[in-house]
Amino acid sequence: MATKYETTACLADHRTELLMRLVAVLLLLPAGSRATELGPFIRNFELLSYPLQANSSARRTKRATADTSGTTHIRFSAQGRDFHLVLGPDVSAFSNDFVARTPSGPVDVDFHTRSPVTWRISTGDGRVFYVEPAWRYPALQSPQPGHSIVYAAEDVRLPPELQGTRGGCGLDRLQKHLVAEGAGLPAHQASHLWRSPQHRGRRIRRSPDIAEYPGVGTQEPRTRHRAPKGRIGARQASNRRLCHLQIVVDHHLYEFFAKDTDDKTARERITSLVNVHITSTNVIYSAVDFDGIVGMRFVVQDLRINDTGACNGPEARRNPFCRADLDATVMLKIFSYESRNEFCLSYAWTYRDLGEGTLGLAYLAYASKEIGGVCEKYRRVNTREGTRLMALNSGVVTFSLHGGPVAQAVSEVTVAHEFGHSFGSPHDQSRECAPGGVNGNFIMYPRATTGLRPNNRRFSSCSVGSISRLLHAILNRLYDKENCFLTHQQSFCGNNVHEEGEQCDCGFHERDCRDKCCYAPKNQAGAKGCTLKPNAMCSPSAGACCTGECGFTNALHVCAVANECNEQSRCTGAQAQCPEPPHKPDHVTECNNGTQVCIEGRCEGSICQKYQYEDCQRVSGSPADMCLVDCKAPGSDGPCLDTCKEPRLRPICGKKRERGAACNENRGYCDVFRRCRTVDEGGPLNRLEQLLVPNRLRAWIKTHTWLLAIMGVLVLISVLLFIRFCAVMTPTNNPRLPRAKTFKESVRHPLELLKITSN
């Protein structure tokens, strides 16, 4: 008798109005539907069929808040066991402002259950099963008795080119490409081509700036993988943990998903593919503690679908992806020519063979001033064609190998692997981080993995260390890194921030939690995280009105002291949160030493508003006068009024702006002496450069480079002659050398001097 497992899965859907009404009856397939293998990845599978039904009344181009109330139950028998799936809509992989677009503009995207969906099912005994639409596999001739296939993770195999050292050595091929681009540059300088011009003189410590999957990457010594000293708590660094993605689907992938169907269904299939893979990646990343940084997640903000029209007519000439001869390196290079500044990462997804077993490619990020990877901005980079603007926060992933589809078990790990490169992790090379054995290798292993073994969907300690250092640099804005992450749209348990839906939040690990009233997500009791412990009424993490003994403070306790714009606030005795303090009157309560007024509890308005005027900044006069508080009539474009001459403004006559306040129409600031100091955007180094090398001289040098070279040679010859002639007049105590000539002797007998120097 087959064992029965009850499994909860998520049905990819980005319509909040979707109410699934599936009949909970599954058509059991005959034994003859079983096949031995399917393509190069799957060696054993079964065909599957179940009723497809959906409400198609709503379409949208943007994703709204999830409606998780509609669930459905599906039961089926496969792989010698019974399954009971509880399915519900899941939109966590898409941002609230998600937009899908084609070359023609924004489009409607739906996911109907009339199309087969993709699942990853984890059972209670640790086994994993995958369900995929049968149409993805051309080897299954239509019609078939089932619209889907189901296979076990242990039945996934890797083709020989993904197992051998040659097929997996992607970085070696990229190294040769970069050397060729550099017209014979040494291998250790090849990545110099992919660096920003301002970093050209820096010594290269890592040879490749691009990491490829599968491939062999460089691994720093283990000492370099130690996490930064001290933990990076959520209260120390920025609490932003959300990476907004752009996914660009090329016409090859679209045509594969559009075969035997219409454009609308093709877009549904692509959206489902994106949802499944980003959700899988979130499961991997959000569970990792990157040295105190927890809850990293990805959401798709922009999905660009290059349909069949992208390579028809005039669009084909403007679209470089219409070329059929693009390999991984060239495709990534072309893809990075367009600005991606609006996104944390931007990836191109394709269904083309990238050559020699390559499944993905991405720029590698560094926790230093080296450029590339997540949050990188559009900037000038040196290439063989010269310097050009490139977006190095990009990557490429293919879902095809030798013309056939890549199994979902492999493609999920591929996406997570490439994101790992973008987040600063090189390949695992050391024995500790590439152990092999029964537990398998980790995500960042150089060659592809099946995702079957426990380590295949985990990061090694080496990868965690590398990613932790990069996140630390970004969140703390080190090495001029920009923090492009956003705050979570929903609450996240374990980030030390009490959010909606949480009773408390004291950190991710029990060892980090200093709150005896609250359960951390990782706790030995097995309790639900961010919930109160037994007999606890509240938690100090929830607010200032809770004591360390897990009880409410009395109603007389002052939880917020009064300030310039707010009255004091007292606890209610019935809640942990401190009530919002009453605001002092707007526009009349003075603050910031009488130079501003309070608005809604914040010191934001100008003191001029108290007298029904508007703030005004002088653009002329002495630096001291330009830091005086001046006003003007509401809506007036005239000059600033002298507060000492206006009767209503005499109370602020002679009042100076506070230090740091803007002056001179926001072109300067008031210093500690209340004098307006104009901001010099170029800085002192720019002034020194203009002094030493004026613009006219710089222009002359550019147009007369050859003359400058001749002058340099003449100066060098003069210096050498000077040294040579002075040598004969330099005293020496060496008896074997002739006596040094005096200056008078040299002048009286110049020919003799020439003779001596020539000898």
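Note that Cβ sites are derived from N, Cα and C of the backbone, with glycine treated the same way.
Caution: TrEMBL annotation is automatic and unverified by curators.
According to TrEMBL, HIS417, HIS421 bind Zn(2+); the candidate from HIS402, HIS427 that the record adds to this site is HIS427.
Record note: among 211-233, 579-601, 211-233 is the stretch given as region 'Disordered' by TrEMBL. Over all protein chains present, the Cβ of HIS427 (Zn(2+) binding site) has 29 other Cβ atoms lying within 10 Å. Across the structure, HIS427 (Zn(2+) binding site) and GLU418 (active site) place their CA atoms 10 angstrom apart. Secondary structure at HIS417 (Zn(2+) binding site), taken from DSSP and collapsed to helix, strand or coil, is helix.
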